[in-house]
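Taking it in order: structure first as structure tokens, then the write-up.
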Amino acid sequence: MSQTNPVTEGPQQTASAYQEINKVLSDQRAKVPKHDSIPYDRQVQKKSTMAYDNPLFKDSNVKNCDQDSHKINERGIKGSSSESKGCYNAAFQSDTHLPPEGALAFPETEQGKVSDSHLAHVHRAHTDEDEEGKGVKNTEVNLKPFPEATTHEREGTVKRISSFDNSCSETSSAPVADNIDTMSSQAVTQKVVLDGTVDGEKKILAETKDAKKAELPERETWGKKVDFLLSVIGFAVDLGNVWRFPYVCYSNGGGAFLIPYIVMLIFGGLPLFYMELALGQYQRSGCLTVWKRICPMFKGIGFGIIFIATWVSFYYNTIIAWAFYYLFSSMASEVPWATCGNPWNTDNCTTFRDRSLNKTLAKNNYSKLASHEFFYRGVLELQGEGHVDDIGNIGPVKWQIALCLMAVFVLVYFALWKGVKTSGKAVWFTATMPYIVLFILLIRGVTLEGSLSGILFYLRPEWDRLLVTQVWIDAAAQIFFSLGPGFGVLLALSSYNKFHNNCYSDALLTSSINCATSFLAGFVVFSVLGHMAFMEGKDIKTVAQDGPGLVFVVYPEAIAALPGSVFWAIIFFLMLITLGLDSTFGGLEALITGICDEFPQTVGKRRELFVAGLMVYCFLGALSTTTEGGYSLVLLLDTHGAPISILLIVFLECIAVNWCYGVNRFGQDIRTMLGFQPGIFWKICWAIISPIFLLTLFILSVVWYKPPNYTTGEPFQDWVVSIGWAITSTSLIPIPIYIIYKFIITKGNFKERLLLMVAPEERPAVDETNGVQYVMPTTHFI
């Protein structure tokens, strides 16, 4: 297409070009509602930034800022030519996206001629077909960079016709905040159709040949903010706070473990917790869809998160099923593990009361607690204490546990089937009940004889343990399991928040409550351990047991010796059930939200059926953990399902958000929501400290890996360990596979493909007036 060059042909033809453009715009004004004219008389400085209040224009992606071709028609700005390479040099915005009557799109001099520095000319006029098939006259205008821009104020809002000089450089896309002076020069690269109404109702068309209207249905939001807070607290405060944290704390030197735990919280857990809440609230999408708005090539992270959620659901709900079994068994005149002589007991069975009276029995390695035999022989049916020493011979399903597992998934289904409206109500009970029970148990525990010695053991640090690498690995695993960054749960839950919700204060509040709960649970557990050690005349280290036996063996044994043991047992296991259900709600909601957002028309509209199918799938997958050898499978999945891979996934998430997308751009997103930028501490943690910690911990967790053991103390066989690593790899392999797939389907040369793979494909825009969210497709110029 031949082009006229206004630089070589002189200012007279340039002036004519400007006059023709102004004439075109005058014709368009006659077709739109008129507003009070406000002269375009305020000059702004060179390379001024655009300040669009309209959320449709809060995104840009400027590259190769040399020139561009654009079309202006009777509806406003139509879009950019497919042949163009560059950026918009001028954009118009009033309530109808045209200058008010009497204003020139391009300023003229006092002599009526356009300044030589203002360059623009008309390429051609032609007719396009609009959406209704009606011919629309378009004038394609080549807008070259010019150094000046005019500004006008309307109803207290500054709206600019902005421009950029030839030196404007490539900038990344970012929303425009209130303080426009902090923004770099940007340009709109979306195709927009405006209907010309007074309200300026907006519809956005994707830049494809068969583009469809991209306005999204209004996203469901939490009924009340407290629903969101309780959901996050319920997810973070889980079985791990009572079952895992006291066990990990005990096995890593008691109170010494609190030091690496707090360090990992400050520099790893809390910053990532805040990052994921903010990311979900701004992007308003699940673990799969969010990546095309951040860094498309890392979408494999979303698939990895879904695999992790699946593996966790296979064993975590089985632990809740054990608690259900204990709860039902406690509803009798006496708890069944208070005495020996039951069908599952052996001749070596002794009760806590017997061992308290006869300390010789307590020191006898052959004697077994009644609660120990109830759990391993009565609940798990490990007849002969570990005769199932091969996962290849796990035995039949124990139907009582299977029914309890079914009850768990039924409860989960009715909490999640309708979305956050139903789960937000369920957590009012499941998230608050554990605190009531914890305080009751704490009061009872500290009144027991010998409880003080247990508390002192819990608080007394062993400094030499800080030199043990495994302590730091366990601290990192615990904080990430507890707070849950990288699991997609925080991303999903916060995506249902209102746009201006203060997620910063939410992050500080909920993470503090979570860690305080872990600390509180330690007092509850260790006060009882101190009492048991005192009564049996043993050291506290010899009282506690490894693994889930801490809450299914040791604590139940202490409960059985208390007056009113049935009451204490019921409320204790009710607490474990509610703690577990909250976390299951969150973990499966991350999976559900991710898939529903990815397939809104096919899956999202049939959420109830999809959730039902997911519950059946997870139940069938978890059935193997209800067998006689199911306990070994739980240990295998607990070791390989999430702890190793989650560290690498969160590391890659940090890289994608803070290096590919940009920590400054992410900070600007937060500023758009909250009105203030995150401090330098958060940015340093997100971009440098947290990734280094995560990568280091991932490497150490692989190098210092130890396979789990059977109940006999024998380590898992090599082929079982290989299965475990295969489980770990399922959540990591999707990441490189999707990067390769994305590279293959992306057009262009090697460099162009890489640039497109890391550039956001679309940007969310929220109309802050009515809360409607739009998707803004981005244009990439290579």
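Glycine too: its Cβ is placed from the backbone N, Cα and C atoms.
The Na(+) binding site annotation in TrEMBL covers GLY234, ALA236, VAL237, ASN241, SER482, ASN514, LEU579, ASP582, SER583. On its own chain, VAL237 (Na(+) binding site) has ALA431, PRO434, SER482, ILE513, ASN514, THR517, LEU579, ASP582 as residues at least 6 apart in sequence with a Cβ closer than 8 Å to its own Cβ.
According to TrEMBL, the feature disulfide bond maps to CYS340-CYS349. All chains included, 22 other C-beta atoms sit within 10 angstroms of the C-beta of CYS349 (disulfide bond).
According to TrEMBL, the feature transmembrane segment maps to 228-246 (among others).
Annotated transmembrane segment per TrEMBL: 258-279 (among others), in sequence order.
The transmembrane segment annotation in TrEMBL covers 300-328 (among others).
If you look up TrEMBL, you'll see 399-416 (among others) marked as transmembrane segment. Same-chain residues lying 6+ beyond the ends of the transmembrane segment (399-416) with a Cβ under 8 Å from its Cβ atoms: 317-318, 320-322, 324-325, 328, 379, 422-423, 426, 580-581, 584-585, 588-589, 592, 611-612, 615, 618-619, 622-623, 626, 630.
Residues annotated as transmembrane segment in TrEMBL: 436-459 (among others).
According to TrEMBL, the feature transmembrane segment maps to 471-493 (among others).
Sequence-distant neighbours of the transmembrane segment (513-534) (same chain, 6+ residues past either end, Cβ-Cβ under 8 Å): 233, 236-237, 240-242, 245-246, 249-250, 258, 261-262, 265, 352, 434-435, 438, 441-442, 445-446, 448-458, 482-483, 540, 542-544, 550, 554-555, 557-558. Taken from TrEMBL, the feature transmembrane segment applies to 513-534 (among others).
Counting same-chain residues at least six beyond the ends of the transmembrane segment (554-577), those with a Cβ under 8 angstroms from any Cβ of the stretch are 239, 242-243, 320, 323-324, 326-327, 330-335, 337-338, 351-353, 356, 369-372, 374-375, 433-434, 437-438, 440-441, 444, 525, 528-529, 531-532, 543-545. Marked as transmembrane segment by TrEMBL: 554-577 (among others).
Sequence annotations record features per position, and here TrEMBL assigns transmembrane segment to 609-627 (among others).
Taken from TrEMBL, the feature transmembrane segment covers 642-663 (among others). Sequence-distant neighbours of the transmembrane segment (642-663) (same chain, 6+ residues past either end, Cβ-Cβ under 8 Å): 172, 174, 272, 275-276, 279, 291, 294-295, 298, 301, 304-305, 308, 311-312, 476-477, 480-481, 485-487, 683, 686-687, 690-691, 694-695, 697-698, 701-702, 705, 728-729, 731-732, 735, 758, 760.
Tertiary proximity for the transmembrane segment (684-705) is limited to same-chain residues at least six positions away from its ends with a CB under 8 Å from its CB atoms, namely 264, 267-268, 271-272, 275, 469-470, 472-473, 476-477, 643-644, 647-648, 650-651, 654-655, 657-659, 663, 666. The transmembrane segment annotation in TrEMBL covers 684-705 (among others).
Sequence annotations record features per position, and here TrEMBL assigns transmembrane segment to 725-744 (among others).
Put simply, CYS349 (disulfide bond) is 35 Å from SER583 (Na(+) binding site) when counted between their Cα atoms. Those same-chain residues not listed among GLY234, ALA236, VAL237, ASN241, SER482, ASN514, LEU579, ASP582, SER583 yet with C-beta within 8 angstroms of the centroid of the Na(+) site C-beta atoms are ILE233, PHE235, ASP238, LEU239, GLY240, THR517. Remote same-chain residues near the transmembrane segment (609-627) are listed as 310, 313-315, 317-318, 321, 394-398, 401-402, 405-406, 409-410, 412-413, 416-417, 588, 591-592, 595-596, 603, 633-634, 637 (criterion: CB distance under 8 Å, separation of at least six residues from the stretch ends). Counting residues 6+ beyond its ends, the transmembrane segment (471-493) has Cβ neighbours under 8 Å at 228, 231-232, 235-238, 240-241, 244-245, 248, 251-253, 256-257, 260-261, 263-265, 268-270, 272-273, 275-277, 279-280, 286-287, 290, 302, 305-306, 308-309, 420, 465, 511, 514-515, 518, 586-587, 589-594, 642-643, 646-647, 649-650, 653, 693-694, 697, 700-701, 704 in the same chain. Within 10 Å of the Cβ of CYS340 (disulfide bond) there are 19 other Cβ atoms, across all protein chains. With a cut-off of 8 Å between Cβ atoms, the residues of this chain six or more beyond the transmembrane segment (300-328) that come close are 239, 243, 286-291, 379, 400-402, 404-405, 407-409, 412, 486-488, 548, 552, 556, 569-570, 573-574, 576-577, 580-581, 583-584, 587-588, 590-591, 594-595, 618, 621-622, 624-626, 630, 633-634, 637-638, 640-642, 645-646, 649, 652-653, 656, 727, 730-732, 734-739.
Panel annotation: around the transmembrane segment (436-459), residues 249, 254-255, 517, 520-524, 526-535, 540, 562, 568, 571-572, 574-575 of the same chain, lying at least six beyond its termini, place a Cβ under 8 Å from a Cβ of the stretch. In this view, SER583 (Na(+) binding site) is surrounded by 27 other Cβ atoms within 10 Å of its Cβ, with every protein chain counted. Beyond its flanks by at least six residues, the transmembrane segment (228-246) meets 222, 277, 316, 319-320, 420, 423-424, 427-428, 430-432, 434, 478, 481-484, 489-490, 493-494, 496-497, 501, 506, 509-511, 513-514, 517-518, 521-522, 524-526, 544, 548, 550-551, 575-576, 579-580, 582-583, 585-587 of its own chain at Cβ-Cβ distances under 8 Å.
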